[in-house]
Amino acid sequence: KMGLSEGFWHHEYWLPAGATWEDMKESADIHYPQPQDLLLCLPGALLLIIVRCIFERTVALPLGRRLGVSDKLRPIVQPNATLEGFYVLLGRTPKEGDLISLAKQSDLPIKKVETWFRHRRAQDRPRLMKKFCEASWRFTFYFTSFFSGLALLYDKPWFWDHTVCWLRFPQQPLPPALGWFYLLELSFYCSLVATLPFDVKRKDFKEQIIHHIATITLIFVSYCANLIRFGMIIMLVHDASDYILELAKMLHYMKWKQACEAVFIVFAVVFIISRLVVFPLITYYYFVTKFQLFLISCLINTFLMILQLLHIFWSYLIIQMIFSVILHGAKRKDARSDTEESDRSEAEDLAKNK
C-alpha cells in the first residue's frame, strides 16, 4: 500500500482481530478505500485555494460592498526608521523603558512614540472587508458540505441506526460519492492549513492548528482503515454548526446587530447539542463500547478526545459570550472572533481608539 514498508501497513495495526487486507480485495463492481487515493488531496487543496481566491474577488467582495461592509479610515503613520525597526524586529508594544529609549533616539516626546505604535498596529489590523470575504468563503463551503453530506446519507440505514454502521466491518464497499466527499473534506482542511499564515489571525489560533491537525489525521486514518461510515457521521456532526457561525460573522461585519445575535444564539444551541451531546454519544457509546479495539481505533479515539476537549473549550467561550454580550448588553466581542493578536495591551489600544 502506497509503496511504504509492509510493517507500517500490517493488518493487525489497521484492522480488527481476524480481519486482513485480503478481506477488502477489489473487483469490477466493488471498490474499497485505497490510501494512495488520498494523495489527490494535494492538488485538491491547491484547486480549492484557487477557487477561494476567485470566489472572494468576484462574489464576496462585490456582495460585501452591496451589503454596506466598509473599512474604517485609518490614521496615516509617519515614516520613522528607528520606530519601524523596533516594531518589526523587537515587538509591536514596547515597554516603558523601551519607549523612553526610543523617544530619545528619535527625538520625539514619549506620547508621540506611543501614538505612533498605536497607529502602526492599527495599520496592520485585518480590514473588515477581508474578514467578510473569508467568512463568506467558509460559509459557502460549510453550507455546501453539510447539506450535500446530508443528501448522501439520509437514505443510508446505518446513518440512522449506528449499530448497523459496524455490520460486516471492514468488508464495507465504498460508494464513489462518499469517497469523493471524504477527499473534498481532506482537501479543504489541507487548504485551511496552507492559508493559515495569510488569513485573519484569531484568538484561538493555537487551538485552530490543533483542530486542523487532529481533523486531517482522523480523515486520513479512518479512510485507510475503511471507517468511512463512522467518519462521515462525525464530519456531518461537525459541519452542522460551522456554517451558522460564519453567517453570524457576516451579519456582524454588516452591522446587522439583531439578526447577528439571533443567528449566534441558533449557532450556540446547534454547536452545544451537536458537539457536547451527539458527538460524545456517537464516538464513545458506539465506537468505544460497541466496537472491537485495535491500534488504529485507539489512535482515532485519542484524537476524538482531543476534539472533545476543544469542543468543551469553545462551548465555554460561546456561553461566556452569550452572557456578557447578548444578555447583559456588553460591548460585542466574538469569543471565537478574529484578531491579529491576543495580548491585553493590544486590547487596551483597541479600546482607546473607539
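Placement of Cβ uses the backbone N, Cα and C atoms for every residue, glycine included.
Values in this document were obtained by computation on a predicted structure and should not be read as measured data.
Copied from TrEMBL, the annotated features are:
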TRANSMEM  37-55  transmembrane segment
DOMAIN    83-127  domain 'Homeobox'
DNA_BIND  85-128  DNA-binding region
DOMAIN    130-327  domain 'TLC'
TRANSMEM  135-154  transmembrane segment
TRANSMEM  177-198  transmembrane segment
TRANSMEM  210-236  transmembrane segment
TRANSMEM  256-278  transmembrane segment
TRANSMEM  285-307  transmembrane segment
REGION    334-354  region 'Disordered'
COMPBIAS  335-354  compositional bias 'Basic and acidic residues'
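Long-range Cβ contacts of the transmembrane segment (285-307) within its own chain (Cβ-Cβ under 8 Å, at least 6 residues beyond either end) map to 12-17, 162-163, 165-166, 210-211, 214-215, 217-218, 221-222, 224-225, 227, 230, 234, 279. Counting same-chain residues at least six beyond the ends of the transmembrane segment (177-198), those with a Cβ under 8 angstroms from any Cβ of the stretch are 31, 33, 37-38, 40-42, 44-49, 52, 141, 145, 148-149, 152, 205, 208-209, 212-213, 215-216, 219-220, 223, 228, 231-232, 235.
Beyond the transmembrane segment (210-236), the same-chain residues lying 6 or more positions past its ends with a Cβ under 8 Å from any Cβ of the stretch are 1, 14-15, 24, 32-33, 35, 37-38, 145-146, 149-150, 152-153, 156, 158-159, 162, 165, 169-170, 172, 174, 178-179, 181-182, 185-186, 189-190, 192-193, 196, 279, 282-283, 286-287, 296-297, 299-300, 303-304, 306-307, 310.
Look at the DNA-binding region (85-128): DSSP puts its residues at 32 helix, 0 strand, 12 coil.
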